[in-house]
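J.: Encoded as structure tokens, here's the structure I'll be asking about.
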């Protein structure tokens, strides 16, 4: 691999592993990440129950998710500033993050009546997750230096299922109380930690990454191709996490008015898991595969156009035919994540080696900060404009992203992406 594109790799003296071993490693890393990421929305999946148990307004519950986002940003900045991924082996970085996220999630069970402690714990959980997902991406890259589109797409698929897993837990008839859902997610994270520490094979190569440097931030903002990829990512993030956060509430409000099915909340949990997790995983896989064939800009533009359209259409299904709603949310869940892996891969391909770490940190930090805004915007505006219209506010993100990625495609530097496929 040339020095001006992609991650740098250096041998560790190990004999290169058989071809199949990297797919084994990808499977275990993805499964571990899937289990650990179940803690991300563990509290959000039981929001109605927590509102009753903690006696707080629904608007306050938004910070159970937004707090994780904020903690993730802080954790990512600390990790990148001190170059922790280069100082600590991936196994121990990801394993410690998984254990910390599991611990802080289960500590919430010590506060059955709420208070400020659970919200603080959610932020700390986000900080621990910041050394799980980014490290997993780096670890997978050591196994797949030339197939990052599909390999990172598979990893994103694991993140997607993991993020939706609490909704599946909440829908299970034998997990009837919110502590079981939150505690169950914590247990899954512990299992993921064990997989990381004792099951994932050793990588035959080690990755060399540049650390985040504050003095490089200005150069990142002046690099037009990199910034176009970043803007594409930021618009994508504006839509993604707000959709993941509020879709279950939308479904519950919509179907409550037209369905007489008992235990409706369980069916909402199953539908949310299917839309966010199952179809999302398929979207991530298909998006990664197509990006390596057609190019990153073409793939992201198509996915953004579909997801943006779904954010405009979904409101028209409110309290309409249930199967119509299911069809739209499945298409939305598929398309909203299909492009996700390609923005960070594009930045690694477009950035010079010496500021790649700074570029990725800027991309991720601003992206997750924007999710706090969109999550809270939907929560604050739903009461005034209703579920029939509020999701249309998310279409702003895909529109901006499509413009950015179209301009990047016309930029000469885009030839560096996807082996010349732009």
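Any Cβ shown, glycine's included, is placed from N, Cα and C.
Owing to the predicted nature of the structure, the values given are computational and were not obtained by experimental measurement.
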J.: If you look at how TrEMBL annotates this chain, which of 61-80, 201-220 comes out as transmembrane segment?
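T.: Matching range for transmembrane segment: 61-80.
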J.: Excluding the flanking five residues on each side, which residues at least 6 beyond the ends of the transmembrane segment (21-41) place their CB within less than 8 Å of a CB in that stretch?
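T.: Residues 65, 68, 94, 97-98, 101-102, 105, 125, 129, 132-133, 136, 139-140, 143-144, 151, 154-155, 157-159, 161-167, 169, 185-186, 188-189, 191-193, 195-196, 199-201, 203, 244-245.
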J.: Tally Cβ pairs under 8 Å between the transmembrane segment (385-406) and each listed stretch (92-113, 178-200, 298-316), then give the stretch with the top tally.
T.: 298-316
J.: Near the transmembrane segment (178-200), which same-chain residues lie under 8 Å Cβ to Cβ, leaving out any that are not at least 6 residues past its ends?
T.: 25, 28-29, 31-36, 38-39, 42-43, 45-46, 49-50, 53, 91-92, 94-95, 98-99, 101-103, 105-106, 108-109, 112, 139, 165-166, 169-170
J.: Cβ pairs under 8 Å with the transmembrane segment (359-379): which stretch of 61-80, 92-113, 322-347 has the most?
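T.: Comparing 61-80, 92-113, 322-347 against the transmembrane segment (359-379), the winner is 61-80.
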J.: Tell me, please, if the transmembrane segment (240-258) and the transmembrane segment (322-347) are in contact, taking contact as 3+ Cβ pairs under 8 Å between residues separated by 6 or more positions?
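T.: These two stretches do touch.
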